[in-house]
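S.K.: Sharing a structure here in structure tokens format.
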Amino acid sequence: MNKPIKNIVIVGGGTAGWMAASYLVRALQQQANITLIESAAIPRIGVGEATIPSLQKVFFDFLGIPEREWMPQVNGAFKAAIKFVNWRKSPDPSRDDHFYHLFGNVPNCDGVPLTHYWLRKREQGFQQPMEYACYPQPGALDGKLAPCLSDGTRQMSHAWHFDAHLVADFLKRWAVERGVNRVVDEVVDVRLNNRGYISNLLTKEGRTLEADLFIDCSGMRGLLINQALKEPFIDMSDYLLCDSAVASAVPNDDARDGVEPYTSSIAMNSGWTWKIPMLGRFGSGYVFSSHFTSRDQATADFLKLWGLSDNQPLNQIKFRVGRNKRAWVNNCVSIGLSSCFLEPLESTGIYFIYAALYQLVKHFPDTSFDPRLSDAFNAEIVHMFDDCRDFVQAHYFTTSRDDTPFWLANRHDLRLSDAIKEKVQRYKAGLPLTTTSFDDSTYYETFDYEFKNFWLNGNYYCIFAGLGMLPDRSLPLLQHRPESIEKAEAMFASIRREAERLRTSLPTNYDYLRSLRDGDAGLSRGQRGPKLAAQESL
């Protein structure tokens, strides 16, 4: 009988490292010795973080930590959508150019997505944007309202914004209390045995750290996976052009301006800027391509966008786009930035961490390190990353913006996968892009199924229709279904009524978050309102 894994060393703290330590100490029921080594000298990347809705279910619920416990400690706020600004046309102060990417799938009527009925109406002169017609949430988002009633009853599916450093610190305390050994030191050498497996690590202060399994959370350095084990990193800069960012925390007058319950993505001349609102401030960063603008010009554009002074503290980031050929090599598993990186346009960074941890536990080895387990794990990570890469890329090559060289290059010069080409053609023909049921309650029963079918028809519809790319024609079948069309009209009317109910019953996001911070809100005791349009989903 092969020996079980008894000792695990995690290299790197930050969000990835402490999420890994917390998840593994819980998953292995404290039956393995877990040591995390982090250096006080190596800075952690992160200026505000946006997430997706499955974070609570897959990660925090697994740890047994309710939303109301962790949110106040990490300056947590709600995210009910992503708002895309100026992605269709160059900025014009006289014009409001935005669309929302909402959570939840598109409703259907007699087996046909409501978007097809909306398109038919649009062909007849209907002007309301798709997401405003097919979802009840946008009006509440425009009003900066919370996704919950004052008593904590949830009315809209949501994800979260938070300070990633505070999350790492929160999880550090949680993990150490449960037996994780924290070492503040720096790895200076990685020793391999004659099989090419990592045997131990040498540290700056003279320690020798031995383990059966090593988790590389060292960030883009890839200290173990790339530097020591020489696993190649597959560069995908021909799929996505942005390679740099300038970021900062920006003060916000919440009482005057409110706190937006969504992430904003504001298109710029050579990239886009994120805005992640929290109480008292928002995290923001300009993601740009160094091939189309200089760092100095990008910094100037970023400061001008928010009216900031030249002495504003800034975080300059250079990133690699792509993934390791294999995320798991021998007895080393890379998690987080050491495994892969995709620009945060759809808030996938934290998801990549806990999805990889979920898959690691599902494929957890013993000391024989059966290659069938690592091969299966690696295939899952390739699927996860490439699928998300295609979805993010779809935001760029389907836009109609052509006012700068950057946007022209995105429309004409990107390398496209066969999978995304096929999705575009299916969308233009009016066909479904994914095979999932339109019933969210069955779709989201297990994370395994969500992982395999991450981006739904509704996600693609929001982006494609939002950017102005529509199917070639409304579904021909609807010409033969007058009764279905009548039913769809009733559904549109019901959505309008629900939108009005949300608009008139929800507190402002600022008031709700302030009550949560002060301990007054009945926040999220697992309650869901009867009108909730979608489960914890994308």
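The backbone N, Cα and C atoms fix where each Cβ goes, glycine too.
Copied straight from Swiss-Prot:
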type	residues	note
BINDING	Gly13, Thr15, Ala16, Ser39, Ile42, Ile45, Glu49, Ala50, Val187, Leu337, Ile350	FAD binding site
BINDING	Lys79, Glu346, Tyr443, Tyr444, Glu450, Phe454	7-chloro-L-tryptophan binding site
ACT_SITE	Lys79	active site
SITE	Lys79	site 'Role in guiding and activating HOCl'
BINDING	Glu346, Tyr443, Tyr444, Glu450, Phe454	L-tryptophan binding site
SITE	Glu346	site 'Important for activity'
BINDING	Thr348, Gly349	chloride binding site
S.K.: If you measure Phe454 (7-chloro-L-tryptophan binding site) to Thr348 (chloride binding site) at Cα, how many Å is it?
M.R.: 11
S.K.: To the nearest whole angstrom, state the Cα distance for the pair Val187 (FAD binding site) and Gly349 (chloride binding site).
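M.R.: Gly349 (chloride binding site) has its Cα 25 Å from the Cα of Val187 (FAD binding site).
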S.K.: To which of the binding-site residues Gly13, Gly349 does the lowest count of other Cβ atoms within 10 Å belong?
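M.R.: Among the binding-site residues Gly13, Gly349, the lowest count of other Cβ atoms within 10 Å belongs to Gly349.
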S.K.: Which of the binding-site residues Lys79, Gly349, Glu450 has its Cα nearest to the Cα of Glu49 (FAD binding site)?
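M.R.: Smallest Cα separation from Glu49 (FAD binding site) among Lys79, Gly349, Glu450: Gly349.
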S.K.: Do any residues at least six apart in sequence from Ala16 (FAD binding site), in the same chain, have a Cβ closer than 8 Å to its Cβ, and if so which, in order?
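M.R.: Same-chain residues close to Ala16 (FAD binding site) (Cβ under 8 Å, separated by 6 or more) are Cys217, Gly219, Ile335, Gly336, Leu337, Ser338, Ile353.
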S.K.: At the level of the C-alpha atoms, what whole-angstrom distance separates Thr348 (chloride binding site) and Lys79 (7-chloro-L-tryptophan binding site)?
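M.R.: Answer for this pair: 14 Å between alpha carbons.
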S.K.: Under a three-state reduction of DSSP output, how is Ala16 (FAD binding site) classified: helix, strand, or coil?
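M.R.: In three-state terms, Ala16 (FAD binding site) counts as helix.
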S.K.: How big is the gap, in Å, between the Cα of Gly13 (FAD binding site) and that of Gly349 (chloride binding site), rounded to a whole number?
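M.R.: Counting only the Cα atoms, the answer is 15 Å.
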S.K.: At the level of the C-alpha atoms, what whole-angstrom distance separates Ile350 (FAD binding site) and Lys79 (7-chloro-L-tryptophan binding site)?
M.R.: 14
S.K.: Would you identify the secondary structure of Phe454 (7-chloro-L-tryptophan binding site) according to DSSP, in three states?
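M.R.: SS state of Phe454 (7-chloro-L-tryptophan binding site) = coil.
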